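Colleague: What follows is a single structure, and I will ask about it in a moment.
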């Protein structure tokens, strides 16, 4: 029953791009202000659910809400103009099935380009229904708008906005629009603002084109402007100022599209409905997907604010969306040349790094006349990723100092393909030093070769790059080093500068064991307040339907992930004052290396730090100044502890998880179950 209620409420909210059951319930009740609209919409929705169950597609339509909200829209539309009768309900049932089938087909066709079907199935099926209805005597009837007399704003621009907003649910009146506007304002101020901006942008464009503000305000299809603005300004594109401009341009285009389609559709007495919204949003998204636009919202959350917060939090914690690899060595090395380097890192090969070893400021011992004199020559080269060997060359000789091989520029090399699909080339390796064969699997940190002086190499050094393909000399792409130490600082997802010394931090088996939590594992802590016992805290490892792991105390959930080189928490759901919320602030990220007296910075999500009202203000400003969102804090790593302004956590020496957790006057001490 709980799942059925969720299935019914979700599509009502989804029509306004929301994921909120309360909003869905309010909108469902609102549709019954015009009973024929409400009954027909709910009936179409139930018919779709029953048919999907019959067809065995339960999991499919649970995952994608458009299978349901398109049928809901068809039901609302039929109920708006058709007289309730046995024939009309049969008609609605058949149209609901057709809409479901159309949604499935259209979404499958568009999936390749990551284009959502939006409400296109509704627009197409409703047009077909109106054409077919011309042959059905007595089916079409006049409608009675029960809320029409609630035009409390009169013939004003704001009243026209509310009527247009209500028209999205086939309730073209100010009272319904006001309820919908309040729902948007409470749940997502961004969507509310976009609905206003979209409406007035579209009306202004239309008025300038036709020369009449009154006609523009009363256009029955002005709700398309609202939908376009919300879709592109906050849902499918991230809510940044640049995307607001895209949304404004798209709204203006929808004006022209609506006027053009009305000429054709009116000839057959067909309603345009959401066709302008669908057409304009789809062509804009198609362009942006093809060109790889970075402002696309690849992780759509419940609201634009949540999507923006997730994007910024991910950006500030893990850097841009580029490949991340480990340093291909152990110990301390120096950057000889980085991106856009002074000598050879140019053009298609600009994204690469060269490393050497310096001791007392020199890269060699004695006179430096022989490759063996250089500190890095013969040093072990480690795999920077988990992956497979796709190509290698190992039989070129190492050059005498002062000469280079201009024919075989890369020298001896190995090309790896990571499990993420990225290609990494490591070059200038020592002759006959490459250990794995083509096709073999290599682990992160595994010795794969030795540093040499082959190819175009004036002195022994190690060259590494990430490239587009597994072909030697392929075009390079930007990347980051996932974890390394520089003096007393630990850096994540960063790039060192030329001349800087870096130290690779390799994961240890003990630290990996401590943070390899498994499903249903339990942790019990005795709670002390100012030194006095105050109950017991119990956490359990659980997993959601997406395969994401989290710690749960029954009411709150703290999501975690164990990467090859570090453990981290990345999302929290629940009471911001719970012990799990405090743990997120105390230990957002832990290197899986034995590190002493080193510090790092990490960014925490604002929902752990700020009140709801302040978060609204922060997100509004962050749309124009993303840095305003950033909340970074310093953490100091000792051998078995992590300290910060929030408190301290210590790690269990031979057990999993945390031994002690301290914050304020509270201590959580691990117990054995």
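Heads up, the Cβ atoms here are built off N, Cα and C, so glycines get one too.
Per TrEMBL, the feature domain 'M23ase beta-sheet core' maps to 399-470. The annotation transmembrane segment is assigned in TrEMBL to 12-33, 39-57, 66-83, 89-111, 118-136, 148-171, 178-200, 220-238, 245-265, 271-293.
Please go over these features one by one and say how buried each is and what sits next to it.
Modeller: Across the domain 'M23ase beta-sheet core' (399-470), the model assigns an average pLDDT of 95.
Cβ atoms under 8 Å from those of the transmembrane segment (66-83) belong to residues 7, 10-12, 14-15, 31, 34, 36-45, 47-49, 52, 60, 91-92, 95-96, 99-100, 102-104, 107, 116-119, 121-122, 125-126, 129, 133, 138-141, 143, 169-170, 271, 273-274 of the same chain, restricted to positions at least 6 beyond its ends.
Sequence-distant contacts of the transmembrane segment (89-111) (same chain, at least 6 residues past either end, Cβ-Cβ under 8 Å): 40, 43-45, 47-48, 51-52, 57, 60-61, 64, 66-67, 70-71, 74-75, 78-79, 82, 117, 120-122, 124-126, 128-129, 133, 136, 139, 282.
Nonlocal intrachain contacts for the transmembrane segment (118-136), taken as residues 6+ away from its ends with a CB within less than 8 angstroms of a stretch CB, comprise 15, 66, 69-71, 73-74, 77-78, 82, 87, 91, 95, 98-99, 102-103, 106, 231, 265, 268-271, 273-275, 277-278, 281-282.
Within the chain, the transmembrane segment (220-238) has long-range Cβ neighbours (under 8 A, six or more residues past its boundaries) at 16-17, 116, 118, 160, 164-165, 167-168, 172, 188, 190-191, 194-195, 197-199, 201-203, 206, 244, 246-248, 250-251, 254-255, 258, 262, 272-274, 276-277, 280-281, 284-285, 288, 295-297, 300, 303-304, 307-308, 311.
Beyond the transmembrane segment (271-293), the same-chain residues lying 6 or more positions past its ends with a Cβ under 8 Å from any Cβ of the stretch are 73, 77, 110, 113-116, 118-120, 122-123, 126-127, 130, 221, 224, 227-228, 231-232, 236-237, 246, 250, 253-255, 257-258, 261-262, 265.
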Colleague: Of the listed stretches 39-57, 178-200, 245-265, which one has the most C-beta pairs under 8 A with the transmembrane segment (12-33)?
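Modeller: If we count Cβ pairs closer than 8 Å to the transmembrane segment (12-33), 178-200 scores highest.
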Colleague: In terms of Cβ proximity under 8 Å, which residues at least six beyond the ends of the transmembrane segment (39-57) contact it?
Modeller: 4, 7-8, 11, 28, 31-32, 67-68, 71-76, 78-80, 82, 84, 88-89, 92-93, 95-97, 99-100, 104
Colleague: Would you kindly list the residues that approach the transmembrane segment (178-200) from elsewhere in its chain, counting only those six or more residues past its ends and only Cβ-Cβ distances under 8 Å?
Modeller: 16-18, 20, 23, 26-27, 30, 157, 160-162, 164-166, 168-169, 222, 225-230, 233-234, 239, 244, 247-248, 251, 303-305, 616, 619-620, 623
Colleague: For the domain 'M23ase beta-sheet core' (399-470), DSSP counts of helix, strand and coil?
Modeller: 0 helix, 27 strand, 45 coil
